[in-house]
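Q: Got a structure here, written out as structure tokens. Questions coming.
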């Protein structure tokens, strides 16, 4: 799945509830779904005081997931105090009315000294009270109810037969026969699922997944016997159902479980969900689509919803004649039904698939098609946008042919559909044979810029690579998600460099490697391959570590292998060895090792990169003719949890002043020890490590080494490649954040920038300096922010002024111009602002015929949004345009407004989803937070609306990660740190344990530290 729908990494992803564990376990409810289950009482609404102090025993907990999470001690004690009718727990007056029975009473104004007898009695009473408190604390709350406590782990007296999150391995699904009947008027659907299974081990139960399904009938048939009704038990909290049998099922027996059920179409972005759009005549059109990765197939049909349970699928869709339907396989036949509906039956899959890859769509789309390597490739869209599909069709056909040849394995299905869904949260989803996309990541009109084509081509390349990495060979469990996503990300850039070199994806790949380093430098990061258990942990694996770091270490491995094509041979061997099955990380390393010549222990080398978080800091020091290379973890925050010394097997690449540009100049050695010394002639003036930044590490050259590189660049900026110059800039800022390089040294290293004209170094420097400017601005260091603005404009002013405002053909120059103009206008450079206003005026007054170049649109729309009239004109344009890429830039422009009324309106509109689709809310929040007027608005907004946000986006999802990061990453004061910590702590199971929260808190602390350490230096230097 591609979370990202732009090269700015504005990505998003699907709502799930965190399971809370407690020291005292209650068993989960088990529901007999075959009966009418109105078994849950309606509880009266709690008053605010009661809601704030929910008794521990009121929460349903699941056995077997650990016994760790406890509520705050204060809450526990106060709950006990209330039960005892005691008044010694004193809350602040702001939270308690004067009439509260728990207000501490004022002592008498005079008192006599108590006697020894009185003291003994008081101590005795307190001991008894403490014992009673402990007893009542550990008793479940239902003890004091009229009905009493139900039997453990039961509903209707039935014990649920399984206690683990992962399903038992005693049953293997072989095939699914699925029938769906969606009602797009009532937004419901009915379903029938017949699952054929094989018994692997003797068992008296079958446990599988289902969520939010009302099962009305279930039957079971063993081998060739008769089908009989069975009772279905449900563990709601683990989204599991089970059937128990009085006699054991025997190994090698086969059986069929059939379920009939109904459900609501989902109103979020996962499962079988409803979507809508407005056509060009103003009519609302509805459709239904699926998004099952990672854990939502169970919301559409009962299934074994884990990646390793692969099976075949036969799918039938009953629909109104006015709709069409699509699924993974080609349509076999359409049959009229007596109900007036039509049934589309699709061919049975000719490959075994994981459930998260199943997909179907019911809509009234149109398509364009062509043939590539014997496979029919089609692009589907709403009818009004058919003319925007040609680029996607051409690109997908080229990529399919390229991957067939590169992997030496033919794409196994008869057809490949690419479908643009109007309301879709992720960037795209790699469903086998039916890839779904956001409209912005698939559709382009004839006036689209090369940058927009780069975005669409990158997402298509990513999803097509998944047809091999992820679909043909699938990770066994979500802990190795990187085997899917890291590979697809790597192949996305590699393939486009081969078939569409004009799209210049090299700079894009370099940028995402820098950002992956930035994220992985946090102590709250995680290993590429790491244990995950809960749904929220699985959602959180969809991040830049699994995607970009995974791709980065594959690039590093590829360039370190001694012979050309060795990496390619290794992955072909891997795909052939495991096609149709599931793998773990070690399977990949073993496959690569088997084809390596000379034989190398790739597993030992690469395990250091996948099994531990973070990356190394390599330090180079020279003395005479000796150069010492040493490594240590790059730790922005000290890690007290790691006892053993952390080391990596690092393929070090280097160039020097005698030869530094051509690939043949590159020298290489492996650094696996803490340090190693090599002889280097004293005549070598400087050494640059990590040639073209293909390694996943940061380098510190020491004061003398940095000065030597600075002098070389000042004398001749072309002495290093553009990638290496960008690497120098990134590493300098990273070391400043670490505290190894002072701010003055950073600015000293940037002194060559006025001579810089290449995209990669300029965009990296602008990104880093803009980040500091925004921190100063949000910290209300107005004078310093103004001086930083002057510094940026002085460093890049001549390059900014040299930019034209007409169409530019070179994609690299478009990237450069976009970054320069956006920065200049955001810093209120008079010339930039006036030119942008003029362009927007000409655009509107010409009835939109005088086009704004695509790479300048974002800057122009952001300037236009600062005036009332232009903001309204932009909003009208947003509502009427059908160019989705342009529409998104307009939305970012609208969100750039510094008018508080506009900010409040657009945040609310994004949440409500009527005028602006809710899928765009993470983008809106991110953009609003860039401005001084909006960042506190956005922070208040997510606090007030948190519960609505996690209804729409799953806890841990990339959308929630983006929202948390956007609203907190520019805080740098203790006051804001305390606010953020207090808010997320108050959420408890509604988000307090998310990794993104830990990242947010760590980032604020690091911002605070950097500001405190560098404010004085900035006052002197700027």
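Even glycines carry a Cβ here, placed using N, Cα and C.
Nobody curates TrEMBL annotations by hand; they come from automatic prediction.
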Q: Can you say which of 22-44, 45-67, 68-90, 91-113 is given as region 'Disordered' in TrEMBL?
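A: Region 'Disordered', as annotated by TrEMBL, spans 91-113.
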Q: Could you name the residues, excluding 462, 466, 485, of the same chain that surround the Zn(2+) site, i.e. Cβ within 8 Å of the Cβ centre of those residues, in sequence order?
A: 1, 2, 430, 463, 465, 469, 470, 484, 487, 488, 489, 491, 492, 547
Q: Residue 466 (Zn(2+) binding site) to residue 547 (site 'Transition state stabilizer'): how many Å between their Cα atoms?
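A: About 12 Å separates the two Cα atoms.
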Q: Counting across all protein chains shown, how many other Cβ atoms sit within 10 Å of the Cβ of residue 466 (Zn(2+) binding site)?
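A: Excluding its own Cβ, the number within 10 Å is 26.
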Q: Any idea what the Cα distance is from residue 547 (site 'Transition state stabilizer') over to residue 485 (Zn(2+) binding site), rounded to a whole Å?
A: 5
